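I have a structure here, written as structure tokens, and I will follow up with some questions on it.
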Amino acid sequence: MGQSQNSLFLIIILVLVYGVSSTTFTVVNQCSYTVWPGLLSGAGTAPLPTTGFSLNPTETRVIPIPAAWSGRIWARTLCTQDAATGKFTCVTGDCGSSAVECSGSGAAPPATLAEFTLNGAGGLDFYDVSLVDGYNIPMTIVPQGGGDASGVAGNCTVTGCVAELNGPCPAQLKVATTGAEGGVACKSACEAFGTPEYCCSGAFGTPDTCKPSEYSLFFKNACPRAYSYAYDDGTSTFTCAGADYLITFCPSPNPSVKSAKKGGELEPEAVTYSSASSPTISTVFSSGVLAVAFWAVQRVW
């Protein structure tokens, strides 16, 4: 069997395993440093072809997403691998797998999270950027090529947190490490204090009893479209239909902390995919390739 036949056969096998992708996530690193994205599939949803990888500055990776997938994506930072043991660890967002692949484990807080439920109620995708588990890096979600299936205004909205919050993070929430200036992450009040009023638990386990705190308002004022605490749904969850999604770490331009504190809205045109960076495209399998593979499967069977 020739090399081209081998390649086609591999693609066909992956299509049979993962199914034809209806959505593509394009993950872009516009930070000045390497990040290690982690990916976690929700219970009962199909696994992804990767659960973790490295992403150098200006690098991009395209990931096919199975239909009706739910889960989250985040960035791990300040990661190292022990030369003697091979153990891989990260200062922020570590998933505890001791490897680059997260293998079904989630992020240790604090970490900025991109959360998705695809093909949910009414056939819509639901997505948000959450700071409920704290913050470690700026992130945005930009829907691409989608439409509003229900005709309701406001769908397919750009969302995220473009502000750098590790520096101005309140002292009680700040995570610092030796050799890093200004902090490397910012805890949620629940993580920092563990009390019911901040964790929306116990007697504070309803929207009526759990209200924004001075700490959640720090996140909300800086990033009006991101989740700031457990019951922040009304201004933080967005929907789209039939879209692909661009997920950017350290999106450009990155507003100053001063302007972020004013609570300025995140406008779609304010989030750019820097052409100057000329990112390297590292494609797992694009939806176009999967479409060809699906056609090949039909021919074979």
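Numbering starts at 1 and runs along the chain as it is shown here.
Using the three backbone atoms N, Cα and C, a Cβ is placed for every residue, glycine included.
Sharing the features that TrEMBL gives for it:
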- C31-C250: disulfide bond (DISULFID)
- C79-C90: disulfide bond (DISULFID)
- C95-C102: disulfide bond (DISULFID)
- C156-C240: disulfide bond (DISULFID)
- C161-C223: disulfide bond (DISULFID)
- C169-C186: disulfide bond (DISULFID)
- C190-C199: disulfide bond (DISULFID)
- C200-C210: disulfide bond (DISULFID)
- 1-22: signal peptide (SIGNAL)
Measuring Cα to Cα, tell me the gap between C102 (disulfide bond) and C223 (disulfide bond) in whole angstrom.
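Rounded to a whole number, the Cα-Cα distance is 28 Å.
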Compared by Cα position, which of the disulfide-bonded residues C156, C199, C223 is the closest one to C31 (disulfide bond)?
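For C31 (disulfide bond), the closest Cα among C156, C199, C223 is found at C223.
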Compare the Cα of C79 (disulfide bond) against each of the disulfide-bonded residues C95, C161, C169, C223, C250 and report the nearest.
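Looking at Cα distances from C79 (disulfide bond), the smallest one goes to C95.
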Rounded to a whole number, how many Å is the Cα of C223 (disulfide bond) away from the Cα of C250 (disulfide bond)?
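The separation of the Cα atoms works out to 14 Å.
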So if I measure Cβ to Cβ from C186 (disulfide bond) and keep only same-chain residues at least 6 apart in sequence, which ones fall under 8 Å?
P110, G134, Y135, N136, L165, N166, C169, P170, L173, K174, V175, F219
Taking the Cα atoms as reference points, how far is C200 (disulfide bond) from C190 (disulfide bond) in Å?
8
Tell me which of the disulfide-bonded residues C90, C95, C190, C210, C250 ends up closest to C161 (disulfide bond) in space, Cα to Cα.
C250
Just the number: how many Å between the Cα atoms of C199 (disulfide bond) and C156 (disulfide bond)?
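If we compare the Cα positions of C199 (disulfide bond) and C156 (disulfide bond), the gap is 30 Å.
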Which of the disulfide-bonded residues C190, C210, C240 has its Cα nearest to the Cα of C90 (disulfide bond)?
C190
When you rank C190, C210, C250 by Cα distance to C156 (disulfide bond), which of the disulfide-bonded residues ends up on top as the closest?
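Looking at Cα distances from C156 (disulfide bond), the smallest one goes to C250.
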